[in-house]
Every structure is written in structure tokens, then in C-alpha cells.
Amino acid sequence: YNPGLKTRDLATPMFLLVLGLLVGTGSPDMGSSQGKCSESLVQGPQTQENRTHTTHSKKPFPVLSFGYDYVRLPFEISLWVLLASLMKLGFHLMPRLSSIVPESCLLIVVGLLVGGLIKLVGEAPPVLESNIFFLYLLPPIILDAGYFLPIRQFTENLGTILMFAVVGTLWNAFFVGGLLYGVCQLEGHRLVTVDLLSCLLFGSIISAVDPVAVLAVFEEIHINELLHILVFGESLLNDAVTVVLYHLFEEFSSVGTITVTDVLLGIVCFLVVSLGGIVVGAIYGILAAFTSRFTSHTRVIEPLFVFLYSYMAYLSAEVFHLSGIMALIACGAVMRPYVEANISHKSHTTIKYFLKMWSSVSDTLIFIFLGVSTVAGPHEWNWIFVVATLIFCLVARVLGVVGLTFVINKFRIVKLTSKDQFIIAYGGLRGAIAFSLVYLLNTDHFPKRNMFLTAIITVIFFTVFVQGMTIRPLVDLLAVKKKQETKRSINEEIHTQFLDHLLTGIEDICGHYGHHHWKDKLNRFNKKYVKKCLIAGERSKEPQLIAFYHKMEMKQAIELVESGGGSKLPSAMPSTVSMQ
């Protein structure tokens, strides 16, 4: 495609036509198919005439017919999405209710009511299938979180997040699983058949903090950036630990014997799952950024590349049983700065609002289907096991946060206070990921799967309803610092860059190569090599401050136009040359 040609309107269709002909001629049955097609064209009118003569009785023309089976699947999908959207709309039209009850709680109640009505009618309520959840509902939420992830805050607190995500999840899994095994060994409770591997598998499933539930609750209470990134970052990164433990204990339960080699291979598997997911996501992110270099003449498909490359990263990671969540986070974080420099502002707006809409609908459907699945799913209630699971989860979370914070504070400049520790421990919500993982268990290897499912639903309901509804008043009672919606200014950006250079210089003088030193090396490599390959035109040479100024300028102009202040726009904005 050459935009300089005068026949550019015909170039693309002609190219596609030739490509189609080449693909078509490659078919081995092309000649015979063509002959059959020509024969059918010749014999078409004759066959029609014969059919007319052989018709003896003519049926009346149907004025109105009914064919629901033809449109059943898309109709029911559209109906569920419409129901979810209407529930979300109605919830926000009642400000008094939304200030007391979290949206996730109301959606689960709606799901319980819908599931009950379906059961009263005599139909079987639909269950939240694991494949539907992991392949269609979860990726939009994670992509939205990864694409708009605050990179600076995430990297500055990466050590703390990894401690909570890796060490904290391992502690919760083995603490809960080990104590539950001890409870199951008590006589007279029909739990003696539950072995240690089953309890450890259940502990690994129930111990992971759920990103969907954390996003749904923490965005409503507007908690400060530090606590939000710590809890949400933990919920994203503990996916690798959960995936490894889940597959490890599931494999061990079918084999029956565990050796030291198996344990070592499990540790290697964790590194492969986590780092492999990051590598896969980074590769697709670089491909998306490189593709966006050449979309200046086809702006309409720019958002499509962002969505497709991200989804392909998730699916490619899942093919090899790597962490799909890590792949999506890495893909979104890698491609965003380069893609936004290449695409148009309309495409940027499309990506932003489509991701928000897509993730919001998925989030709403997940909580509604949790309620419906609770009514539909097979349950096996055991008071001892359910109550013990709930208590052990709470105790393990508190002990893990307090113990890890004691170690973390020895290395942090900004210490985590007792209030921060309480919110981190209290914000460890469970959600649909645990439900979907336990739903995948094979009843042949895990005969008590239905009891596990009932216990997990109980823990999810407790964390979402009790902890989710009480965390807002507790934040107000403890006077925990909340998020401040402030706009960054040029002055703040200048001072931030100045402090980064100053701290890097101090580290060089002291001979201590900390994260500022490596961050500066990475920025220099990015500016010298990566930007030139992934960003088209003069934007690749644009200083960071000028790029930030352009972004602020565009954002201010859009806000003025949306607020009806278009007449207040200045006649002459400062040019890039004068700014430099």
C-alpha cells in the first residue's frame, strides 16, 4: 500500500483480490469445485423448472413464524449483558444505597434472586463455567488494570508487593491447608477421607486475594494510592503462585507419591510460570507497539491491534499453562507508552472507554453469575469444615500481614503503619477466581469437591458482604488517608525529573547502585534504541517533558470543550518550539 499513488483508492481492494485469488488457487479441489459451480449454474434454471412441475400442493405463505432456537445463544447473551448494565445503572441512580452497600454485594443479591426465579420456574439456573470465566470475563478486567497501571508507584513498591504476593500466599496456603487437615482428622465428622494433598490444594485456592473483588471494593472507597497499589498489586501477582500450587497439588494427588525432585521442580515451575508469562506479554506488547508505527493511514483499526495483541498474549500464556494475568499486565504496561505516542487521540479515547466499558460489564456479570451459581451449584454443607475454613483464612491473613510487615519495614523508607496493616489485612477479599478453580476439580480425585465449593462460596460471601460493607466506615473511623484527585502540573513534573537525576547522581557518587541507577540506565537505553524502533516520526526524539506538556495541553482542551467552555480556548497556544 502506497499512499502517494493516485490510484490509492483501488490499491487495497486490488491487493486483497489478488491475495484471495492466490489463496483460492492453492486449493487442490479448486478445479473440480469450479466445474461443479459452472455445472450448477448451467443446470440451475432447469432444476428449478423441474421442481416447479413436481410440486403437487402449495402451502400457505407464513406471515409470522417463530424460530427461537436460531437466535437463542446470542439472544440470551445480550439479555444477560442488558440485565447487568441495567442493574449497574439502577445502583448508581440510588446514591444513598450506593454509599452504604458496595456494588458487588448488590449484584450478588440480584444473581441470587434471578437464580431463585429460574429455579421456581422449573429450569436449571446457569452456572459460571470456568472456561467462560477465564477465557472471556476475566481478561477485560485484567487488561484494563494492566493498561492503566500506575507504573511508577508499582515499581517503587515492587519489593513489598512481591513479599505479600509470593511469601504471603505460600504462608496462607500451607497454614490454612495444614490446619484444615488437622480438623479433618477429627473423628465423627465424616472428614477422615480428606487427605493432606486435598487440603493443601484447597488452601492454595482459597488463599489468593482476588483482583476482581479488590477492584470492585477499593475503587469505591477511594483509598490512598499506596494501600491501593499494595493490595491490588498483590492480587495481580499472586496468580502465578496460585497457578503453580494448583497444578502441583493436582498432579501430586493423581500420582500419590512426592519426592524431593518433585518439590524442586515445583520451585522451578513457579519461576517458569511467572517469568514466562511476563516474557510472553512483553513480546506481544512490543509487537503491538511496532505495529502501531504503520497505522497513520488506517486510524480506524488502531484500537483493534491493542485488544487483539493483548488477548493473544493471554491465550498464548494459557496454552503453556503460564500465568495469563501476568502476561496481560506485562503486555499492557509495555505497549502503552509507545502505542499512545503513535495512535491518534480519537483512537486513544476509544481504547480508554471501550476498556472501561468492557471491564465494567465483565465485572458486573461475574458477580451476578456468582449469585446465580450459588443457587444452581451442587452443595455439601459441613459446619465444621466451613467455619474452620473461614476462621483460618482470617487468622492466616492477619498473621501473614503483621509478620511480613515487620520484615518489610526494616527496608522501607516510608513505613507501613498499624492502620495500613489493618487495611491490607482487611482488604484480602476472595472472589470468582477461587470459585472457578475449585469448579475445575475432578470428582474422581477429589470426592469432596462439592464441600470445597460450598466452603469457598461461604468465604467469598463473607469477604464481599461483611468486609466489603464495613471497610468504608472503618476507613473513616481510623482516619486513613484517602486518594486525592489532583492534576499533575508542569512544575511537579520538572521537580520529579530533577529529583530522579539527583538521586541517581548521589547513588553514583556513593558507589551504591540502587533502583534509581538502574532506572536511569533503562531510561537511557529506552531513549537511545527502543523509542526509535517503536515510535514513528519525530515523536521518538521528543523530550519527556515536552511529551507530558502535549498530553496536558490536549487534556485541558478536551475538558474545556466538554464543559462548554470552548469559547474560552486561547487563540494561540504556546508552540513546541517556544516550549523547548
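FYI, residue positions are counted from 1 along the chain as it appears here.
The backbone N, Cα and C atoms fix where each Cβ goes, and this holds for glycine too.
What TrEMBL says about this protein:
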- 1-28: signal peptide (SIGNAL)
- 30-56: region 'Disordered' (REGION)
- 30-49: compositional bias 'Polar residues' (COMPBIAS)
- 70-89: transmembrane segment (TRANSMEM)
- 82-475: domain 'Cation/H+ exchanger transmembrane' (DOMAIN)
- 101-120: transmembrane segment (TRANSMEM)
- 132-149: transmembrane segment (TRANSMEM)
- 161-183: transmembrane segment (TRANSMEM)
- 195-217: transmembrane segment (TRANSMEM)
- 229-249: transmembrane segment (TRANSMEM)
- 264-290: transmembrane segment (TRANSMEM)
- 320-339: transmembrane segment (TRANSMEM)
- 360-377: transmembrane segment (TRANSMEM)
- 383-409: transmembrane segment (TRANSMEM)
- 421-440: transmembrane segment (TRANSMEM)
- 452-475: transmembrane segment (TRANSMEM)
Query: Can at least 3 Cβ pairs under 8 A be found between the transmembrane segment (101-120) and the transmembrane segment (70-89), with each pair 6 or more apart in sequence?
result: yes
Message: Within this structure, do the transmembrane segment (161-183) and the transmembrane segment (383-409) have 3 or more Cβ pairs under 8 angstroms, counting pairs 6 or more apart in sequence?
response: yes
Field: the transmembrane segment (320-339) versus listed stretches 132-149, 195-217, 229-249, 264-290, 360-377: most Cβ pairs under 8 Å
entry: 264-290
Query: Any residues 6+ beyond the ends of the transmembrane segment (195-217) with a Cβ under 8 Å from its own?
result: 102-104, 138, 141-142, 145, 169, 172-178, 180-181, 184, 231-232, 234-236, 238-239, 241-242, 245-246, 249-250, 252-253, 325, 363, 366-367, 389, 393, 396, 427-434, 437-438, 441, 446, 448, 452, 455-456, 459-460, 463-464, 468, 471
Message: With Cβ-Cβ distances below 8 Å as the criterion, list the same-chain residues six or more beyond the ends of the transmembrane segment (161-183) that contact it, or say none.
response: 154, 189, 191, 194-196, 199-204, 206-208, 229-230, 233-234, 236-238, 241-242, 245, 384-385, 388-389, 392-393, 395-397, 399-401, 403-404, 407-408, 424
- prompt: Same chain, outside the transmembrane segment (229-249) by at least 6, Cβ under 8 Å from its Cβ: which residues?
  reply: 142, 145-146, 150, 153-154, 157-158, 160-162, 164-166, 168-170, 173, 197, 200-201, 204-205, 207-211, 214-215, 218, 266, 269-270, 273-274, 277, 321, 323-326, 329, 423-424, 427-428, 433, 437
- prompt: Looking at the stretches 132-149, 264-290, 360-377, which one shares the most CB pairs under 8 Å with the transmembrane segment (421-440)?
  reply: 360-377
Field: Residues from the same chain, set at least six apart from the ends of the transmembrane segment (452-475), whose C-beta lies under 8 A from its own
entry: 100-102, 104-105, 108, 202, 205-206, 213, 216-217, 220-221, 223, 367, 370, 374, 377-382, 385-386, 389-390, 393, 422-423, 426-432, 434-435, 438-439, 441, 446, 482
